Amino acid sequence: MEQKYHKKLVNASEMIKKAHQNKYAVGHFNINNLEWTKALLEVAQATNTPIILGASEGAIKYMGGYNLVVAMVNALLDSLEITVPVALHLDHGQSVESCKKAIDAGFSSVMYDGSHHPFAENVINTKEVVAYAKPNAVSVEAEIGTIGGEEDGVVGTGEIGDPKEASEMVATGIDFLAAGIGNIHGPYPTGWPGLNFQALEDIQTAAKIGMVLHGGSGIPQEQVKKAISLGISKINVNTELQIAFAAATRQYIEAGKDKPENGKGFDPRKLLKPGYEAIKTTFDELTAWFGCKGKA
Ligand code: 13P
């Protein structure tokens with residue numbers, strides 16, 4: 001069957017395989033709007049770095065829908081003359097239907113997150129997503145265990161993935177696997193015990209394919225490096241870019257630069273510029289840690 005996505009987008013399968021073989025991790029950066037997407041594509045191109053643009057269902061809804069996101073990314077790939085490998089990935093697709101919608105719209109990669117279902121159901125649904133994705137050359141990520149995170153002020157630590165489940169999940173034909181290894185979405189709380197490297201090693205031994213580290217914001221550099229050496233080949237980052245964007249915007253506003261008496265600094269193209277630049281700087285730093293910088 002013909003590939004539905006734009007010829008310039010690629011799936012994430014080759015990128016992750018290459019990273020896994022060469023012991024580095026490709027950065028998955030969540031996008032929230034036009035500025036985010038443009039900043040990331042520009043810096044990826046300027047640094048010759050492959051990139052996975054992640055969009056969650058919530059962010060897709062916020063931006064105007066699946067078609068809007070695909071059209072925006074494809075148009076930017078053209079107008080910015082992007083030549084580095086770019087994948088557009090559905091982050092934490094909550095249902096088989098969401099994954100199919102993303103594939104139909106032109107996403108080149110999807111994650112089916114069935115971690116909140118019993119494992120048997122997670123496997124059945126993942127198989128259905130793989131069967132729909134493969135003829136369209138779309139890569140698939142699935143999850144075992146759960147990723148911790150904050151809900152109503154309570155930080156859950158998540159459930160550690162089971163190596164037996166890892167091999168069963170890999171047998172569905174997925175391209176890369178996310179697993180709970182003590183990682184958490186959002187800022188890490190004080191007293192966080194760190195990543196569970198033994199669990200990562202055991203899951204990697206069973207899975208043998210590239211693994212995904214969710215909650216990539218705020219993990220100390222030594223832990224990131226060790227995780228990569230043990231099989232992490234994709235690192236998902238959202239919060240860190242949001243914090244960098246907000247801090248730079250705050251600094252601009254606190255300096256009074258948006259005040260009409262100080263000129264035209266209230267123009268959104270000026271107001272959003274410091275945050276835009278902060279996204280680029282953060283990408284630059286993180287991709288150097290991940291080892292994917294310059295690997296296009
Ligand atoms: P952070 O927001 O903690 O960086 O996590 C992002 C993520 O894992 C998206 O899937």
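Cβ atoms are placed via backbone N, Cα and C, with glycine included.
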Among His116, His117, His214 - the residue TrEMBL places in the same Zn(2+) 1 site as His92, His185: His214
Dihydroxyacetone phosphate site partner of Gly215, Gly216, Ser217, Asn236, Val237, Asn238, Thr239 (as recorded in TrEMBL), chosen from Gly180, Gly182, Gly186, Gly275: Gly186
Sequence-ordered binding-site residues from Asp113, Glu143, Gly215 with Cβ under 6 Å of an atom of ligand 1: Gly215
Candidate nearest Thr239 (dihydroxyacetone phosphate binding site) in space, where candidates are the recorded positions Asp91, His92, Glu143, His185, His214 and distance is Cα-Cα: His185
Spatial neighbours, same chain, of Val237 (dihydroxyacetone phosphate binding site) - Cβ under 8 Å, 6+ residues apart: Gly27, His28, Phe29, Asn30, Gly216, Ser217, Leu286
Nearest-integer angstrom distance between the alpha carbons (Cα) of His185 (Zn(2+) 1 binding site) and Gly215 (dihydroxyacetone phosphate binding site): 4
